[in-house]
Amino acid sequence: MNREERLKRRDRIRNFSIIAHIDHGKSTLADRILEKTGALSEREMKEQALDSMELERERGITIKLNAVQLHYKAKDGEDYILHLIDTPGHVDFTYEVSRSLAACEGAILVVDAAQGIEAQTLANVYLAIDNNLEILPVINKIDLPSADPERVRQEIEDVIGLDASEAVLASAKVGIGIDEILEQIVQKIPAPSGDPDAPLKALIFDSLYDPYRGVVAYIRVVEGTVKAGQKIKMMATGKEFEVVEVGVFTPKAKVVDELTVGDVGYLTASIKNVSDTRVGDTITHADNPANEPLPGYRRLNPMVFCGLYPIDTARYNDLREALEKLQLNDAALQFEPETSQALGFGFRCGFLGLLHMEIIQERLEREFNIDIIATAPSVVYKVYLTDGTELAVDNPSNMPDPQKIERVEEPYVRATIMVPNDYVGPVMELCQKKRGIFGDMQYLDERRVTLTYELPLAEIVYDFFDILKSSTKGYASFDYELIGYKPSKLVKMDILLNGEKVDALSFIVHRDSAYDRGKVIVEKLKDLIPRQQFEVPVQAAIGNKIIARSTIKALRKNVLAKCYGGDISRKRKLLEKQKEGKKRMKQVGSVEVPQEAFMAVLKMDDQK
């Protein structure tokens with residue numbers, strides 16, 4: 001193509017994404033748009049066409065991004081090229097959302113006509129506003145009996161401050177309002193700007209690993225043009241590659257000659273390692289590089305850590321390979337080898353949040369058939385020692401001696417919780433219990449309240465979200481952002497079996513709740529660890545101080561069975577002999593800890 005054709009093509013491109021809270025109908029709307037523009041035939045339409053991971057469809061959430069090129073003939077007779085970039089709505093994947101929004105000029109904001117605005121809708125709208133996107137409100141699910149579009153329209157204006165007078169009333173399920181949405185995309189979302197002849201600048205907004213082609217980078221070209229055979233350079237890492245092919249998704253991959261300004265597509269360059277195509281990085285030409293990269297790139301830091309160990313130790317290398325493969329598609333996943341006396345060899349893994357952690361564990365079991373055991377999730381603590389050194393501790397068993405510690409700081413998050421006002425009490429009680437600091441309370445309308453709390457991240461990683469959902473009958477929505485570190489009275493609790501520490505059962509706990517927590521765990525372990533031939537004390541200790549204890553009773557053989565009637569001294573002799581034997585056994589015996597015992601420490605239902 002020459003310059004004129006490229007510019008003409010650029011003016012007909014519209015790049016947009018869809019933002020919505022979970023379950024407000026984003027994937028269904030995407031399906032309808034694909035159907036309307038003829039991207040998928042009737043035969044190929046399956047629910048949630050863009051959610052290609054089996055797990056995504058099963059959980060009904062979008063984890064990875066997808067980008068599709070659609071062709072739409074508008075009412076003005078022009079043929080437009082629409083690029084729909086799908087975004088995940090879950091709080092763990094905020095960075096993925098911000099990158100996919102950076103690749104767009106506009107966003108469709110989907111709000112459920114019955115539910116109204118929820119916490120994650122807000123979080124994502126603010127990201128869109130930060131990226132200066134044109135936002136088109138769509139009020140979805142108007143076919144529901146409980147729909148109240150006028151109230152929601154008012155809410156969009158009051159809470160977000162968007163003009164919702166032209167908001168499209170739609171029902172993606174039934175197919176109402178889809179034409180209007182497409183027309184609004186064409187008329188209201190601006191065409192991309194940028195010069196097709198300038199030095200190349202392309203934003204990587206996702207990457208995935210293909211066993212045959214290496215890494216496939218999903219890119220949005222902001223300036224310049226890229227073709228097969230050119231040498232490219234990644235601006236964050238400085239590595240250079242040669243482009244093998246470029247193409248677009250219609251949702252299936254289709255090779256094209258070039259990608260130019262405004263295009264969204266993919267490129268392969270026999271890149272072996274996904275960490276070379278960092279999401280948010282800028283691709284430029286190696287021989288004619290751009291002066292500076294596109295803004296907004298940052299390295300993702302994991303927030304939650306846990307140990308993953310194969311149940312069958314022989315599969316250690318399989319686990320490493322599986323994690324490496326998952327890391328190819330998931331730059332946020334980090335792992336390094338670690339060993340534990342109790343569990344053998346495994347990996348310490350870092351995740352963005354809890355959902356991310358669960359999904360990785362589930363994919364290891366599902367896609368790679370590796371049975372794993374996970375230790376309790378923990379966060380990164382900053383430990384200041386009396387000699388002035390500062391440590392970052394992400395594994396409870398690395399916590400130094402209490403005598404050496406001057407203070408410990410833990411990460412805090414600012415949590416925004418939206419909840420119907422009938423449930424404000426239980427939610428505030430939950431936050432109090434989790435050591436929350438009350439920030440602010442605002443009424444959105446007569447029915448809904450936004451609460452702001454500062455909470456320790458460590459209190460959220462266990463079961464906060466589950467309890468929040470169950471205490472509000474599923475109505476609360478929750479979003480959090482990291483605000484920094486604060487000093488806390490934290491101690492490390494060790495669990496001793498038969499007088500020996502079991503490193504994998506250690507955890508860090510707030511001093512005030514240490515006693516209760518220790519008691520519950522000790523009782524739980526007593527029931528889970530099988531009885532031995534000798535009695536086994538189970539103890540919880542902080543430093544050298546034992547704070548809770550329970551005993552697993554010994555299994556005993558009835559040594560008196562042979563004595564009929566016999567003399568009491570004869571019986572006593574046999575019992576004494578048995579006792580001696582048990583004592584000897586106890587000195588040499590070791591205790592096997594079953595899988596469930598580790599799980600018990602994590603899944604403390606009655607945690608507090």
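Cβ from N, Cα, C; glycine included.
Averaged across the domain 'tr-type G' (11-193), pLDDT for the predicted model comes to 74. According to Swiss-Prot, the domain 'tr-type G' annotation covers 11-193.
Counting Cβ atoms from all protein chains shown, SER27 (GTP binding site) has 24 others lying within 10 Å of its own Cβ. Under the heading GTP binding site, Swiss-Prot lists ASP23, HIS24, GLY25, LYS26, SER27, THR28, ASN140, LYS141, ILE142, ASP143.
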Validating a neighbour-count step here. Other CB atoms within 10 A of the CB of ILE142 (GTP binding site): how many? 19
